[in-house]
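Q: Sharing a structure here in structure tokens format.
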Amino acid sequence: MLSRLCRRPSFRSCGSASSSCRLHSYSELHSPEDSQLDFRAFIEQLRYDQDLVEIDREIDPDLEAAAIVRRVAEVKGKAPLLNNIKGAEPGGLFRIFGNAASLRSSSKERYGRIARNFGLKPTASWRDISQRIARGSDAPKQPPRVVPTGPCKENILKGDEVDLHKLPAPKLHIGDGGKYLQTYGIHILQTPDGRWTNWSIFRGMVHDRKSLVCLVGGGQHVSIIRDEWLSKGVTEIPWALAFGVPPAANFVAGLPIPEGMSEAEFTGTLVGQPLDLVKCELSDLLVPASSEIVFEGTMSLTEKADEGPFGDALAVVFQGNRRQHPLFRVDMITYRRDAILPISVPGKTCDESHTTASLASVEILALCKRLNLPVFDACVPLESYGTWCALQIDTDALRDLKISARAFRGMLGSHLFNSKCCMLINRLILVGKSVDVYSYEDITWALATRCRPGVDEEIFEDVPSFPMTPYMSHGRGPHGMGHRGGKVINDCVLQLEYELGSEVPFSSVEFETSYPTALKEKLKNEWTRLGFDEV
């Protein structure tokens, strides 16, 4: 339904950005909740929010498209829709869209674009978004609905028509080892017995006219599924890659949800209705019916090729940093009319590679609750590139445990650092009730004032590492290039809090805590009359 409403005439037929080239008013066609369910409805929601820039002049996929997307992330600009990509087939493959989950410049709507991925108001806070995911995952289950066809089937390329070299695949950074078609699509793989279908996001570079080489790391769910197939003695397995899927599904595919859990069902549960899926042409795999582009083919279990270098989310690229990774053969491409390829261009300053990773805090908190650990809340600050997690400790429950600080840190680290939800987390920061884990300013305040180096820290070397961290891949230390260690807990919970809980004889020094209520209210009411800007 949404796909028909969101169809846009080919940019080549309508020329410049005239009114005849635009869709109907978003409010005439959709509700904000639709933006989480359909990629084009999401783009229209951004247009309605005045958070979209359409560029109709020709854009070169060799660095120029990516440079626009990267600069948008760094200046917190409007999301770009590039309608005229050099080398694109008219009305076909493809337009490019970037910054689907980057930040906005407005302080009141900083997370507005991310919120729209979940059908929320643009003023939603990071806490609101995190709680939305947590509440949604506890709702009644919504298994996907299989439908006979969908917009992703409007066009088909097969056989000799499939040639990745003919696509305007973007080169994203000057130091990259190739053209990265896959940065924001979802890979779809299934166990041999069909009990578990996994959706996940991992990058993919054009290798030859029929193949991508994709980064497959140890500990990922894709490697678990690969190993099950290997035990059957097969050499290749069915695979699909879907671009421009329902925005909520893109986020879910990036979450570290437990092994064996279906991302399709998780997404339906989150949005409150089943996702519409269609069967692939070449296998029994199911893909979102409204997908912009779908690659169908196989993942090789025997053939590998060089992948990289790539300027990833940690914003450091090492020359010549290539690794052998599996080949994924593309045998068929199906796509919507005027298809749109979403891309992510990682680097310094937050973009969707950081915002999706940072929502791992939802699963970290859920694990803490399942283990009955005294943790109130969790947040992965965007400023940490998705590698720190602040845990707000229930200090009253901690007091009642009558446990030493070192024993508590050891217990936490053993549970969390050995879990997939902390695969990308290098640093856990423990804070008390007076510290807001959603405030990076508060977290750094706690680190600066309450964590004594060498005393309030616990180093973990015998746990799975995040090997892409530069200090692990190219640094010093006992494991260097290895896949163990490099993780730490910084304990900013004072000994007084371990002993007394929340009944501690100290408080923060700030406007809200240091003055009488009547005086505070008086000043707030008079603030602009005194000559200050509105807060």
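Cβ coordinates come from backbone N, Cα and C, glycine included.
As the structure is a computational prediction, the values presented were derived from the model and not from experiment.
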Q: Look at the prenylated FMN binding annotation in TrEMBL, where ASN198, TRP199, SER200, ILE201, PHE202, ARG203, GLN220, HIS221, LYS420 are given, and name the residue from GLU154, GLU263, GLU265, GLU363 listed for that site too.
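A: Within the candidate list, TrEMBL flags GLU263.
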Q: Could you please provide the mean pLDDT value for the domain '3-octaprenyl-4-hydroxybenzoate carboxy-lyase-like Rift-related' (148-348)?
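A: Mean model confidence (pLDDT) across the domain '3-octaprenyl-4-hydroxybenzoate carboxy-lyase-like Rift-related' (148-348) is 95.
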Q: How far apart, in Å, are the two Cα atoms that lie farthest from each other among ASN198, TRP199, SER200, ILE201, PHE202, ARG203, GLN220, HIS221, GLU263, LYS420, the residues recorded as binding prenylated FMN?
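A: The prenylated FMN-binding residues span at most 19 Å between Cα atoms.
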Q: Distance between HIS221 (Mn(2+) binding site) and SER200 (prenylated FMN binding site) at the Cα atoms, whole Å?
A: 8
Q: How big is the Cα-to-Cα gap, in Å, between ASN198 (Mn(2+) binding site) and GLN220 (prenylated FMN binding site)?
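A: Distance (Cα to Cα, whole Å): 10 Å.
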Q: Near GLN220 (prenylated FMN binding site), which residues of its chain come within a Cβ-Cβ distance under 8 Å, counting only those 6 or more away in sequence?
A: SER200, PHE202
Q: Going along the chain, which residues six or more apart from GLU263 (Mn(2+) binding site) have their CB under 8 A from its CB?
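A: Listed in sequence order, they are ILE186, THR197, ASN198, TRP199, SER200, ALA249, VAL252, ALA253, LEU255, ILE257.
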